[in-house]
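TrEMBL has this to say about the protein:
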type	residues	note
BINDING	K21, T180, D181	ATP binding site
BINDING	S61, D148, N160	substrate binding site
DOMAIN	287-369	domain 'PUA'
Amino acid sequence: MSDEQGLGREALVQARRVVIKIGSALLTNDGRGLDEAAIGGWVDQVAALHRRGIDVVLVSSGAVAAGMVRLGWQVRPSAVHELQAAAAVGQNGLTQCYEQHFSRHGLVTAQVLLTHDDLSNRKRYLNALSALRTLVDLRVVPVINENDTVVTDEIRFGDNDTLGALVANLLEADALIILTDQEGLFDADPRHDPNARLISEGDADDPALAAVAGGGGALGRGGMSTKVRAATLAARSGAVTAIASGRQANVITRLVDGETLGTLLRPKQAPMAARKRWLAGQLQVRGRLTLDAGAVNVLRGQASLLPVGVTAVSGSFVRGDMVVCVDERGEPVAKGLVNYGADDARQLLGQPSHQIEAILGYVEAPELIHRDNLVVL
Ligand SMILES: Nc1ncnc2c1ncn2[C@@H]1O[C@H](COP(=O)(O)OP(=O)(O)O)[C@@H](O)[C@H]1O
Ligand SMILES: N[C@@H](CCC(=O)OP(=O)(O)O)C(=O)O
């Protein structure tokens, strides 16, 4: 497949890493507490994917809605401090519920609460990335939600669709599956228009789709408009997005088996090209590493950059910043997110990785730039 061709449903079949977002409208059965039986059903499907060797990361809403029920509140509050309180109460039940169901399959879960800042601040971005990557490598199922208790208005994601897309970018997932209370994206809001028709497939950044996507119900908030926007964001790193009803039997396993269900929103570019462009376009370059000839060759062979191959460091950068790697003549070779700040990197010049702890007193990672965070130019 060429870089410019869109990816269709086969992208779901081939997916090795999937982010699944489950919305409030669905999880809470229209406000009647957490729908634990339904959660059990999705967990069974996630476990089935896991057994096939697919990495699954869940983004689950429901904390505010579950907390409202526990607190006896009928109406979703608008005051941030009340939303925070409800989320703190509800997140407990949500975590317990997932943990219980996953343990039936012998699977371990991890609760990960993120804020927008965690993904926009470079250092925290890299921290979130390495923690999540480690969890996934350990075959743990991360269950992510927004950290509602500490966020304030201006740093809220505002909806978990966006969070799902940012996590798909972060982990370079192949697919984002958004489960909601409708069969997919319709050409008008089916709650208000009985003649609305399901859109089976489209391009993630087609403005016509954004135009038909409306707002959400009382429990969820983003509606279809944030789902279509999430698909656009996910497409930046090459992920395909499926929007489908979580109430359809075996919806997750059927989607990854390639069945035509829900709405599929394709990225324009094949994943590798999109991911590289996304990473390269992310940030301003904050520093420069000069590599010896051996390190240049290793990088071109898609390996990580170790301190031993670096001969000079310039600029002032912190862990998580983008740096450019140049060869001995100063020609750019690669760009990547660096694991150590400039001062530490200077101390590590030419050193073997097993010396890092003796030199710095700690080890963040054995490599200066991990190959997953590296784009060869
Ligand atoms: N074009 C559309 N197609 C389908 N649903 C739509 C559309 N426009 C708006 N909606 C609304 O979006 C809602 C789903 O979004 P939301 O309530 O935020 O759920 P969730 O909690 O799953 O994110 C649907 O119930 C529907 O009323
Ligand atoms: N973090 C919030 C989720 C916000 C929300 O409702 O999102 P969504 O399900 O996308 O409409 C919660 O757990 O209640």
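Cβ atoms are placed via backbone N, Cα and C, with glycine included.
Residues S61, N160, taken from the binding-site residues K21, S61, N160, T180, D181, are distinguished by a CB atom under 6 angstroms from ligand 2. Secondary structure at N160 (substrate binding site), as computed by DSSP, is helix. Cβ contacts within 10 Å of D181 (ATP binding site), excluding its own Cβ and spanning all protein chains shown: 19.
Recorded residues N160 (substrate binding site) and K21 (ATP binding site) have their alpha carbons 7 Å apart, per Cα-Cα distance. All chains included, 29 other C-beta atoms sit within 10 angstroms of the C-beta of K21 (ATP binding site). Mapped onto three states, the DSSP output places T180 (ATP binding site) in strand. Whole-number maximum of the Cα to Cα distances across the ATP-binding residues K21, T180, D181: 12 angstrom. When the binding-site residues K21, T180, D181 are screened for a Cα within 10 A of the Cα of S61 (substrate binding site), the ones that qualify are K21. Annotation for D148 (substrate binding site): same-chain Cβ neighbours under 8 Å, separated by at least 6 residues, are A63, V64, L83, Q84, A87, A88, Q91, L113. Taken residue by residue with DSSP, S61 (substrate binding site) is part of neither helix nor strand, so it is coil.
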